[in-house]
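In what follows, a single structure is set out as structure tokens and then discussed.
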Amino acid sequence: MSLCSPTHSAEMSLFLQGPEEMLPLSSEGSEMGSEKEQSPEPHLPEEGEGGKPWRVDDSEGSWIPPGEKEHGQESLSDELQETHPKKPWQKVTVRARELGDPIAHPRHEADEKPFICAQCGKTFNNTSNLRTHQRIHTGEKPYKCSECGKSFSRSSNRIRHERIHLEEKHYKCPKCQESFRRRSDLTTHQQDHLGKRPYRCDICGKSFSQSATLAVHHRTHLEPAPYICCECGKSFSNSSSFGVHHRTHTGERPYECTECGRTFSDISNFGAHQRTHRGEKPYRCTVCGKHFSRSSNLIRHQKTHLGEQAGKDSS
């Protein structure tokens, strides 16, 4: 009598294909080479038609006659025939993925940002970006320029800065001797000396020294401001203005003066402050010739001349 006995594994059941001979028994009634004490063998039913053995239904633990399929194994046996050709004495392991069973995998969401800054609550999708951001709060600036010693919190900012040392500045202002890499930058700078603001907004009348600045301003009249502060509800027409404003809520001051250590949230104020150390006063009043380090101070000063002129006209 032969028996096809399924055994269990961690993946799926193992099936014996082909006949299996019963091992001869020793004089003590145990199989050769096995343990001496064996559990009593279950009672086997008589052989079915053609001398074929009955088999154990693995799912229910009952005996089934030859020729019939086990419960729930109709599709399994078909797949075994297709993917695993029958060979005598071959054990076939059927894995769940071979049968097309779904295997759950954790999904990675592209917009998931599980790393949170403990200082301001901003979220990031990886620890590297979080560490770079946290340098704003800690003031850490590990990337140092080899030419001038200036330090930066990001390596990309240091690389951008080092290009300044590599590029020559051919265009020099005759008024203050400041040099520029592009002629257009020199022209814009000279307009500041003259107090000229040739680009005027046709809606509100505000004037600007650069056409690009006028274009940014003009959008505030024509388009709804798309950048809205979630803290106070104030809206802005461009991301740079929104970024400067948002730092007033977070307290971030990423621009640090290397001379005195003073920090600023706005790069324009930072640039104006640095002129005080260099003694630069590029903004000149065309009426009295007085110079200023900030364009806003020049405009405020020029209003005094307009007031004097208005007083003369009234008298």
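For all residues, glycine too, the Cβ spot is worked out from N, Cα and C.
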Among SER77, SER151, SER156, SER184, residue with annotation phosphoserine (source: Swiss-Prot): SER77
Feature SUMO2 cross-link, as given in Swiss-Prot - residue among LYS113, LYS141: LYS113
Listed as phosphoserine by Swiss-Prot, one of SER75, SER179: SER75
Helix, strand and coil totals (DSSP H, G, I; E, B; other) for the zinc finger (255-277): 11 helix, 4 strand, 8 coil
Folded-back contacts onto the zinc finger (199-221), same chain, C-beta under 8 angstroms, at least six residues removed: 188, 191-192, 237-238, 295
Number of helical, extended and coil residues in the zinc finger (143-165), per DSSP: 11 helix, 4 strand, 8 coil
